[in-house]
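Notes follow once the structure below has been shown.
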Amino acid sequence: MRARTGRERAQHTEDWIGSFSSWTILVEGRATRDRTIDRATMSSLLVWCALLQTLLLVTLRLGDCAIAVDANRTSALEEARLQRENLVRKYLKRLKKEEGALKLVGGRGDFEGNVEVFHAGKWGAICDDEWDQAEAEVVCRQLGFPGHVKPTHTGHFGRAKRKFWMDNLWCGGKEAELTDCRFDGWGANDCESGEAAGVICKQHDTDTTTTSKPVPVELKVPKERFGQRLELRLVGGRVEGEGRVEVRIVDGPGGAGPWGSVCGDGWGLLEGNVVCRQLNLGYANNAVQTDFFSDEADGKGLPERVLLSGTECYGNESTLADCLHDPIGWDTVVTCSERKGHVAAVTCVPAMADLVFDHVEMEQSLHLEDRLMYLLQCAMEENCVATQAYEIQRDNPNWHLETRRLLKFTARVVNMGTADFRPHIPKHLWEWHLCHMHYHSMEVFATFDVIDGQGRKVAEGHKASFCLEDNQCLPGVEPRYACANYGDQGISVNCSDIYRHNIDCQWVDISELDFGEYTMRVAINPEFKVPEMRFDNNAATCRLLYTQTYARVFDCKHERP
């Protein structure tokens, strides 16, 4: 039988009181009329009736208390539920600020943007040095997305607005969190605000999406080349070859339109070279995202409207109109990560270096070598072996007796330009390396990738912490640069820097690679950090045949990294 509630018990008591009161009146009236009960007996009976009625009234009050108790119990349950919700909400909010937490900023939704990491109670940016698909995959999986679409560089989603926490990240692609990857150390970096690393992640299916900010329809329009002619000029510079880039539509409906600026998002040397080429000013020595050239002293200041955004150039275009842009037109709303001062600028010079990778030297020198990990300790400090080697070092006490299979080759880089190639890091920031006993002037000079038939990177190496010097020059050219004795570093015109196959890190660790045919790509200056005449000859892509007894590369061709 179902138990009565407090309200039901109170109602039942009230019914009893009403019935008992009616019975008392009836008894009293009949006794008075019929004289069947004497006065004393009647008085006693009425006293007992009064006592019983009082008892019933007390029961009614207790019923009211039961109602209040039920109400209070309901209120207590509701309050407990609200407290649990607040605790969960507070915990989820706190989770976002746990050590190593990530977030994406500056994108169209929570699936894309520049990456920021939480450390020591503060959010910080990540530098794009060595930032590639492996790091992007780790970031997207940590944020709960099914994978990555592509990594982004050069402040694609705007300049970094916070301190750089991480630089030179090196991930295997399977780490649970980005902080599990190897990097230079918290806060150790040599990066500028325009070197922010970002990602575009794969989105969930429509029915399970967690994206809180829907992508506006106008932002889903793909980038396009501008069909009409664009006129360019540099404004605000101290000399003719520098300044912020301004453009205007020449063939508009009403003739030439007003001048507009170019959003600085993703602006780099590839785009700067196109601008200098179109203006016949030589080559881009620097391409920056800045408001430095917006001084009112030129009498013009910044134009009120941003005309171009999302500019992406391959680097060999003749005009800026040939590059890809977000939808263009004075009737189109152009988006930019910052409203004021975040414009594209460039510095042009008449002479420039031009590095070319010698793939013939690589074809002739490539070979296999099995090497003890005991002999690779110096190279492991520079992340020159596969991720599995570090797992063996961590889990196997006899790791130094294990061997790694290395695909070794000689890398010869020739400067075919009209100016010396110099590192972009100032000399006082060069890093002394105890293993190699010389200073390193470049963090990432070359990358070596092995790619399978599906386009997936299955093995990789890199030549980080590079030392630049003149190893071989054409007749009549005197070498000028040397690594020894804290000497100046660089590559002179018509000279070569040669890293032979017997030097640390001049290899790809292929210990876990299956036998078969692959594509091998070697890229010089792969992140376009140092200016050059052109970049479409900085990489060599070759076919790689790997068997049980030998490996060789063939059918090589030059291309852009």
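Cβ coordinates are placed from backbone N, Cα and C, and glycine is handled just like the others.
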Legend entry - Candidate cysteine (C127, C263, C276) that TrEMBL pairs with C191 in a disulfide: C127
Inset, instruction - Looking at the disulfide bonds in TrEMBL, identify which of C140, C171, C181 pairs up with C201. - result: C140
Legend entry - Candidates C140, C181, C201, C313, C323 (disulfide-bonded residues) - the one closest to C191 (disulfide bond) by CA: C181
Legend entry - Nearest of the disulfide-bonded residues (C127, C181, C313) to C140 (disulfide bond) - Cα to Cα: C181
Inset, instruction - Using all protein chains in view, find how many other C-beta atoms are within 10 Å of the C-beta of C323 (disulfide bond). - result: 22
Legend entry - Overall pLDDT for the domain 'SRCR' (102-202), taken as the rounded mean: 89
Legend entry - Residue among disulfide-bonded residues C127, C313, C323 with Cα closest to the Cα of C181 (disulfide bond): C127
